[in-house]
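> I have a structure I would like to understand better, so I am pasting it below and will then ask my questions one at a time.
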Amino acid sequence: MTQDEMKQAVARAAIEYVVPGEIIGVGTGSTANFFIDELGKIKDRIKGAVASSEATAQRLKSHGIAVFDLNEIDAMSVYIDGADEITAQGAMIKGGGAALTREKIVASVAKQFVCIADGSKLVDLLGNFPLPVEVIPMAQAVVARKLAALGGEPRLRLKDGKPLVTDNGCFIIDVLGLKIQDPAELEAQINNIVGVVTVGLFARRGADIALLGTAEGVKRLTF
């Protein structure tokens, strides 16, 4: 199977976690896009979705799926999203698509987090993928120095030669060179830096289930 075929397979498998008649949380990224396309096929079975980014909201709407503001609901049965890296314990790095803050907010409301990814995303140790940190623009340099003090190499994420601006009007610093032994501890440590909006470590609220695409089919992990 190609990488896209693996993503397609896990997107299909994730449909079984969709509760009929409810509002579900939907993530951002290439694998989440495959899931949205599958969700469009059963849109009449759900009430709608909460999107973790403007891009996801637009894709959901293009399929005729109602998009709800998170402030309109109290709870969701499930949040379905991809990951840039995931461990066998369900800790993840997310934020390659620059939607980490909204992803973390929506995931916090869901009773269950289902991660969908191709099998290459399963790792023994997080950190080979650069760790995204969303920051208030005026604090960019201050935060970068503190991230460097943690042993990483911070780089401001650019788009067309200018700082990428998130849906929240913030910047992203990608931290290279980290080998993350204790994801939950590092998540708390970085989140405590003044000027950080959030870090793309999902360890304190990690995945409950992972659907991983492999050459042999979809592998399911429960945490």
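Quick reminder: no glycine exception, Cβ is built from N, Cα and C everywhere.
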> Can you pick which of LYS47, LYS61, LYS121, LYS146 Swiss-Prot lists for the same substrate site as THR28, GLY29, SER30, THR31, ASP81, GLY82, ALA83, ASP84, LYS94, GLY95, GLY96, GLY97?
LYS121
> Looking only at C-alpha atoms, tell me how far GLU103 (active site, proton acceptor) is from THR28 (substrate binding site), rounded to the nearest Å.
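Approximately 8 Å lies between the Cα of GLU103 (active site, proton acceptor) and that of THR28 (substrate binding site).
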> Cβ within 8 Å of the substrate site centroid (THR28, GLY29, SER30, THR31, ASP81, GLY82, ALA83, ASP84, LYS94, GLY95, GLY96, GLY97, LYS121 excluded): which residues?
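Along the chain, the qualifying residues are GLY27, ALA32, ALA117.
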> On the Cα atoms of THR28, GLY29, SER30, THR31, ASP81, GLY82, ALA83, ASP84, LYS94, GLY95, GLY96, GLY97, LYS121, which are listed as binding substrate, what is the maximum pairwise distance in Å?
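Among the residues the record ties to substrate, max Cα distance equals 16 Å.
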> Does anything in the same chain, at least 6 positions from LYS121 (substrate binding site), have a Cβ under 8 Å from its Cβ, and if so what?
GLY82, ALA83, ASP84, GLU85, ILE86, LEU212
> Any idea what DSSP makes of GLU103 (active site, proton acceptor), helix, strand or coil?
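DSSP assigns GLU103 (active site, proton acceptor) to helix.
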> Based on DSSP, name the secondary structure state of SER30 (substrate binding site): helix, strand or coil.
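Where SER30 (substrate binding site) sits, the three-state DSSP reduction gives helix.
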